[in-house]
Amino acid sequence: MDKINVEMEEIKIAEESGEIDEQKWVYDTSFDHKGRVPLRGSTGVWKASLFIIVIEFSERLSYFGLATSLIIYLTKVIHQDLKTAAKSVNYWSGVTTLMPLLGGFLADAFLGRFSTVLVSSTVYLLGLILLTMSRVVPSFKPCDTDLCHEPRKIHEAIFFLAIYLISIGTGGHKPSLESFGADQFDDDYPEERKKKMSFFNWWNFGLCCGLLLGVTLIVYVQDRVSWAMADLILTLVMASSIVIFVAGRPFYRYRKATGSPLTPMLQVFVAATRKRNLLFPANPSHLYEISKSETSRRRLLCHTDKLKFLDKAAIPDGTQDSIVQLQNPWRLATVTKVEELKLVINMIPIWLTTIPFGICVAQAATFFIKQGVTLDRKIVHNFEIPPASIFALAAIGMIVSVSIYDKILVPVLRRATGNERGISILQRIGIGMIFSVTTMIVAALVERKRLNLVHKNPLEGSSSMSVFWLAPQFLIIGFGDGFTLVGLQEYFYDQVPDSMRSLGIAFYLSVIGAANFASSLLITIVDHITEKGDKSWFGKDLNSSRLDYFYWLLAIITAVNLCVYVIVARNYSYKNVHCKATMSVADLR
């Protein structure tokens, strides 16, 4: 790292003398695999991102190959009832999508993104190997016969250990890999900045391709060949993708870990609390900020008028020695550090108001798929698709949505609005929320039709109803994902402080994690309330349940939440960078 610091000093001198060639070198604090300033022509951008998207494809193939069929495995092999199985899936999904908070923190603070991806992918691979063993090793199998009425306890223990090892692997893999991919584009270089806006769209295109194969090919192997064969395929694919990821090392741009991103925020809060009795200066330019030449090209943030209490951390205290203040970040913070804390605080309302959307998404991997089990899944010549494969329609909806948005809507909207994104990130997220309300309304109507068939013919049930009645709700939630989920990825990467971008992606994933836990809590609350009445909305199976009522409830919750989100989004202030420094170090001295 000393070598990098020396090179940055040389860059600073060259910059002052006008000798820097911005076209040839990348001066955004990144470095290549040998610790040097990266060459723009041979590192980063799509040549590096393709290696990164390959391992994301592999991880999503594995994740959705397991996640979409998990509720079926829990009910058919582990023999959990519908309510317990749905909660088990939600708990696992919740842990899987909350673990990135820890993984993202470790990547930003200590390990660096490349190392975190490598370590977590190895843990993920170990989980897949253990899962394969639970279905191959005779003493670890559920039982010795094909039809298993009660699985061995050792199988349950190893099975849950394996899937939670995969959760831990995902915890480091997801936030670090996506932010590492976005790091391959230089924000200060206009041509690369535009490509970066497309990166999140094509990242999700690759993700959806993995999802699509996971819920078709892998699920088909699970259903028609064996669970063990499917696990073996996933293990080999993940091992191969790790090799490919490592092979891309010469093309990557790296960033060093900068220490805990939470410490500077705590310092701002402590400094502001200590100075709570100080008067605000008449002019914000009197607040302390280091000069741009002293930042080692770190981006400075403009002062904003929101959360003014925190601004007191940047007020120089004239009663104390100025040098002491400069050396003690617990007493004096820069405007940029104050604004970084404001950014994180301002994200909390956005995070909270996107959770209901995540609750709607959670239904697709649980109740939507379980509905598919009860319907006619024959297509042609008695070929029957596995229940989890219907989830492929959500991936198709997302692929179509992302492709149309990136290739058609963005160019048109750029010309119409003058915004280089076409529309703002929060507007994109809001559009996806409208799709989620529509999804729940359609799902409620379809489930009502299914239940009517069950009541008319209890013996045949809904087996005469085609599984493609579920297609609209999967396609619509897929379209919503293309707007809201991709928008959330871009939002949490772009709007967090530069030092915590892995943690930013973890914030996006935590929306889905919190939503899974919220979905389980909501099921528990609704079950408790409705069982006091005529009967619970969640019976032992689908035919004795009233999922249509539950979907209507979600539609109402999501619609009300959308109104709150619009208010929050309209009052949101985006990150503003490249502002001139206010009071410099020299001024304070």
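Cβ from N, Cα, C; glycine included.
Residues or ranges marked as transmembrane segment in TrEMBL: 117-137, 202-221, 227-247, 350-369, 389-413, 425-446, 466-493, 505-529, 549-568.
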Problem - Contact call for the transmembrane segment (350-369) against the transmembrane segment (505-529), three or more Cβ pairs under 8 Å - result: yes
Fill in the blank from the handout: Contact set of the transmembrane segment (202-221) with the rest of its chain, CB cutoff 8 A exclusive, min separation 6+ beyond the ends, reads 49, 53-54, 56-65, 68-69, 178, 181, 229-230, 233-234, 385-386, 388-392, 394-396, 398-399, 402-403, 406, 482, 485-486, 489
Handout entry: Outside the transmembrane segment (227-247), six or more residues from its ends: residues with CB under 8 Å to it
Key = 51-52, 54-55, 57-59, 61-62, 65-66, 73, 117-118, 121-122, 124-125, 128-129, 131-132, 135-136, 218-219, 221
Completion exercise
Within the same chain, the residues 6 or more beyond the ends of the transmembrane segment (466-493) and with Cβ under 8 Å of it are 178-179, 182, 197, 200-201, 203-204, 347, 350, 354, 357, 360-361, 364, 368, 371-372, 375-377, 385, 387, 390-391, 393-402, 405, 425-426, 428-429, 431-436, 438-439, 442-443, 446, 449-450, 501, 504-505, 507-508, 511
